[in-house]
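As structure tokens, the structure follows; a few thoughts come after it.
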Amino acid sequence: MAPFEFLIGIIFLCICCVDPGAAAEPGYAVVEQLRNVRDGWIKRDAAPPSELVRFRLAMNQERGAELERRVIDMSTPGHSSYGQHMKRDDVREFLRPSEEASDKVLSWLKSEKVPAGSIENHGNWVTFTIPVSQAERMLRTRFYAFQHAETNTTQVRTLEYSVPDDVRRYIQMIQPTTRFGRPVRHERQPLFRGTAASLEELAANCSATITPNCLRELYGIYDTTAKPDARNRLGVSGFLDEYARYEDFENFMSLYAPNRADSNFTVVSINGGLNLQNSSISSTEASLDVQYAYSLAYKTLGTYYTTGGRGPVVTEEGQQDTNVSTNEPYLDQLHYLLDLPDEELPAVLSTSYGEDEQSVPESYSNATCNLFAQLGARGVSVIFSSGDSGVGSTCTTNDGTSRTRFLPVFPASCPFVTAVGGTYGVQPEKAISFSSGGFSDRFPRPSYQDSSVQGYLEQLGSRWNGLYNPSGRGFPDVAAQASNFIIIDHGETLKIGGTSASAPVFAAIVSRLNAARLENGQPKLGFLNPWLYSLNQTGFTDIVDGGSSGCYVGASNEQLVPNASWNATRGWDPVTGLGTPFYNTLVKLATSV
């Protein structure tokens with residue numbers, strides 16, 4: 001996985017939600033405002049007036065918090081509603097805004113002459129497409145092209161926007177506007193950049209290289225008699241022009257998982273996502289994800305969701321600009337999935353992308369986290385890698401104060417996803433130094449992990465006081481191997497690592513648990529965390545060696561905070577969570593609740 005800059009902040013954000021002192025035109029209220037541009041982005045020319053932008057408007061959810069409570073209840077063993085997942089239409093109806101709110105917002109769009117044919121009303125979300133010039137008038141703002149200094153990619157964004165006073169209370173956010181997203185693959189840690197694997201390494205034991213057989217032995221994974229079930233789809237997320245190649249997959253399976261040689265996967269395109277089998281672009285992340293998810297799962301339906309995020313923008317004249325992006329691929333993926341009929345939803349979704357929590361507008365992370373909760377309500381286990389930046393990358397806040405602080409990662413910090421940290425080695429397994437973890441500066445600690453996290457905080461004492469939020473959601477939740485994975489990409493055998501390797505491994509184990517439950521006439525596990533924490537680490541190997549690092553700055557790679565680290569300890573810790581899974585035990589526990 002790449003160092004996690006990914007997919008939904010500290011008390012003050014560079015990209016912050018509503019500055020109470022922000023000035024707005026009379027009769028208008030500021031919805032979101034940036035104090036400054038996110039680090040690494042450069043403001044360029046004004047956006048072309050005729051460029052079409054597809055906006056997503058999130059309505060303020062009157063019952064959003066109630067839904068989240070329901071998700072925790074239906075995911076908590078022993079609760080009367082455990083396992084009683086909701087249907088698509090039930091979730092929609094539950095979150096439907098009041099008639100007054102809907103009428104006000106739609107009337108405003110109509111008054112601004114938004115083409116009726118471009119408006120899609122999904123209840124708690126409304127999408128519409130208009131040119132930049134119209135958006136500027138409507139939102140009382142100016143859009144510009146912003147270029148990323150490192151990648152040269154360009155996004156059309158603004159620094160603030162406003163809506164009429166009489167509709168402000170109904171609107172949570174409108175995007176893409178202030179969201180300067182640059183989620184990163186958790187697979188680019190320099191120590192484990194993809195390198196050709198030698199014959200000696202391939203012949204060595206599992207301390208030097210990781211293959212599916214190593215993981216089966218390490219995590220007690222054995223084949224079951226569960227029959228394939230259409231309800232047990234295992235989904236893998238693909239972004240950033242990563243293409244899962246069938247030929248590489250088949251070669252990998254025949255060499256490293258011959259007992260799974262008949263496994264395959266389908267590709268589903270979202271928002272113009274491509275499926276380029278002959279692309280020369282490196283696809284190490286996609287190769288890693290599908291090769292390990294589907295070699296370790298048991299006869300599951302595999303789906304790779306390729307979501308467009310760099311696709312061309314089409315202007316009113318029908319011309320394409322491949323250098324400028326106005327789309328928002330992560331919202332596109334979530335809305336696509338939530339619109340699917342219940343029988344087409346994945347039971348497990350593995351994603352290996354993320355970004356610093358502080359880089360995401362607070363309204364965006366709140367809305368996105370609620371979408372993950374909606375997936376949980378429908379019985380989907382959402383798995384994210386925790387990231388590859390340890391306690392934090394630069395450990396400097398972007399709110400204008402440049403304070404020193406450990407930086408959590410989003411979406412791993414969302415309490416409705418299961419975040420997977422990283423380990424290395426065998427006998428014993430140890431926490432790997434780049435495994436991201438810590439405590440959210442935005443989401444409070446959920447009740448399901450109170451006891452586990454409090455135990456760690458008591459051990460920690462006053463160390464690192466002021467550098468983190470002790471009341472925040474702690475992550476990761478679990479861990480798995482994260483280094484020296486053998487993959488095949490473009491016909492070449494490579495060795496890579498990162499927590500992007502950990503996520504599909506854990507997702508495959510959850511898929512196996514679902515297979516056993518479905519065979520037993522039980523519902524899918526759905527949102528995992530309340531169940532996982534209720535086990536008190538039964539079914540997990542407690543990782544007590546090693547720790548994370550981070551806060552490296554400058555060419556000399558010095559630590560801004562000397563010895564910055566979260567240590568692996570007995571019980572839950574913010575490097576490896578509850579520990580690494582042991583399937584043989586977990587399957588017995590999963591089929592007994």
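Heads up, the Cβ atoms here are built off N, Cα and C, so glycines get one too.
TrEMBL labels come from automatic prediction, so no person has curated them.
Keep in mind the model is a prediction, meaning the values are calculated, not measured.
Annotation comment: TrEMBL describes Glu285 (among others) as active site, charge relay system. The Cβ neighbour count for Glu285 (active site, charge relay system), using a 10 Å radius and every protein chain shown, is 30.
Within the same chain, residues at least 6 positions away in sequence whose Cβ sits under 8 Å from that of Asp289 (active site, charge relay system) are Val236, Ser237, Gly238, Ala244, Tyr304, Ser350, Ser352, Ser500, Ala503, Pro504. Feature annotation from TrEMBL assigns active site, charge relay system to Asp289 (among others).
The annotation active site, charge relay system is assigned in TrEMBL to Ser500 (among others). In the three-state DSSP classification, Ser500 (active site, charge relay system) falls within a helix. The Cβ of Ser500 (active site, charge relay system) has 36 neighbouring Cβ atoms from other residues within 10 Å, across all protein chains displayed.
Positions annotated as Ca(2+) binding site by TrEMBL: Asp542, Ile543, Gly571, Asp573. DSSP assigns Ile543 (Ca(2+) binding site) to coil, not to a helix or a strand. Counting only residues at least six positions away in the same chain, the Cβ atoms of Thr423, Pro428, Glu429, Lys430, Ala431, Ala479, Ala568, Asp573, Val575, Thr576, Gly579, Thr580 sit under 8 Å from the Cβ of Ile543 (Ca(2+) binding site).
Over the domain 'Peptidase S53' (209-593) the predicted model carries a mean pLDDT of 91. The feature domain 'Peptidase S53' is assigned by TrEMBL to 209-593.
Taken from TrEMBL, the feature signal peptide covers 1-23.
Neighbour counts were taken as the number of other C-beta atoms within 10 angstroms of each residue's C-beta; across the binding-site residues Asp542, Asp573, the minimum falls on Asp542. Separating the Cα atoms of Glu285 (active site, charge relay system) and Asp542 (Ca(2+) binding site) is a whole-number distance of 28 Å.
In the three-state DSSP scheme, Asp289 (active site, charge relay system) is classed as helix. Taking Cβ-Cβ distances under 8 Å and a sequence separation of 6 or more, the neighbours of Gly571 (Ca(2+) binding site) in its chain are Ser452, Gly455, Tyr456, Gln459, Gln537, Asp542. Gly571 (Ca(2+) binding site) falls within neither a helix nor a strand when secondary structure is assigned with DSSP, and so counts as coil.
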